[in-house]
Amino acid sequence: MVLIRVLANLLILQLSYAQKASELVIGGDECNINEHRSLVVLFNSSGFLCAGTLINQEWVLTAANCDRKNIRIKLGMHSKNVTNEDEQTRVPKRSTFVSVAKTSHQTLGTRTSMLIRLKRPVNDSPHIAPLSLPSSPPSVGSVCRVMGWGTISPTKVSYPDVPHCANINLLDYEVCREAHGGLPATSRTLCAGILEGGKDSCQGDSGGPLICNGQFQGILSWGVHPCGQPHKPGVYTKVSDYSEWIQSIIAGNTDVTCPP
């Protein structure tokens with residue numbers, strides 16, 4: 001009888017834990033502390049704004065819609081409640097924007113990405129390291145990793161204390177054209193998600209990276225609300241199309257023309 005009670009109590013505890021775990025994340029899990037060394041947080045006096053990616057010791061790449069006044073950038077952070085010894089905070093020196101032709105989609109403007117030069121270079125540390133620009137575009141069907149401090153509920157804002165990561169698939173661009181009306185026939189964007197739904201980037205993840213086969217291939221641009229709907233994948237800026245332009249800006253060639 002005692003054994004039966006013990007087993008019953010263990011079963012209740014397991015069910016309780018499983019229920020809490022399913023409520024904590026939407027299609028993702030807490031990132032390993034060592035897998036997001038390039039992930040940065042953009043914030044100001046109003047609070048958390050966006051994510052971004054450190055691409056070298058002085059430059060961060062993020063989404064243009066993350067542009068705000070008095071931005072500060074935190075690097076090396078994992079938990080909002082427990083400070084890493086090597087966390088660093090920087091302010092922008094200047095920002096340069098990637099611009100594209102405006103489409104009929106209401107959520108798309110003329111600016112897609114923001115390249116931020118830091119006022120001071122970042123110091124090397126165990127939890128901070130840049131993620132280099134891609135050498136080639138990703139292939140449809142690739143399994144990609146999304147990460148960020150965005151909301152973990154598809155219907156309400158519920159920001160986690162630690163970044164969450166999820167694996168999603170790189171889809172054909174036509175899937176996004178069918179899912180989101182008004183997209184042009186060709187685009188410098190990537191389409192990524194899970195067709196069955198349940199895994200997705202969400203509010204607050206904007207500007208964060210899409211990492212495919214270890215390469216920084218996309219910047220989260222926008223998606224639908226609620227997040228994680230079936231057949232409603234997210235849209236990401238295609239980093240490989242802008243790699244040469246970004247490298248020219250970093251090298252000091254401010255007159256270089258952005259790809260059309």
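Positions of Cβ are set from backbone N, Cα and C atoms, glycine also.
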N-linked glycosylation site according to Swiss-Prot, picked from Asn44, Asn123: Asn44
Record Swiss-Prot, residue Cys227, disulfide partner from Cys202, Cys212: Cys202
Cysteine from Cys176, Cys212 that Swiss-Prot links to Cys191 by a disulfide bond: Cys176
Recorded disulfide partner - Cys212, candidates Cys66, Cys144, Cys165, source Swiss-Prot: Cys144
Distance, Cys144 (disulfide bond) to Cys165 (disulfide bond) (CA atoms, angstrom): 10
Residues satisfying Cβ distance under 8 Å from Cys50 (disulfide bond), sequence separation of at least 6: Val41, Leu42, Thr62, Ala63, Asn65, Cys66, Gly204, Ser206, Gly207, Gly208
Nearest of the disulfide-bonded residues (Cys31, Cys176, Cys202) to Asn44 (N-linked glycosylation site), judged by Cα-Cα distance: Cys202
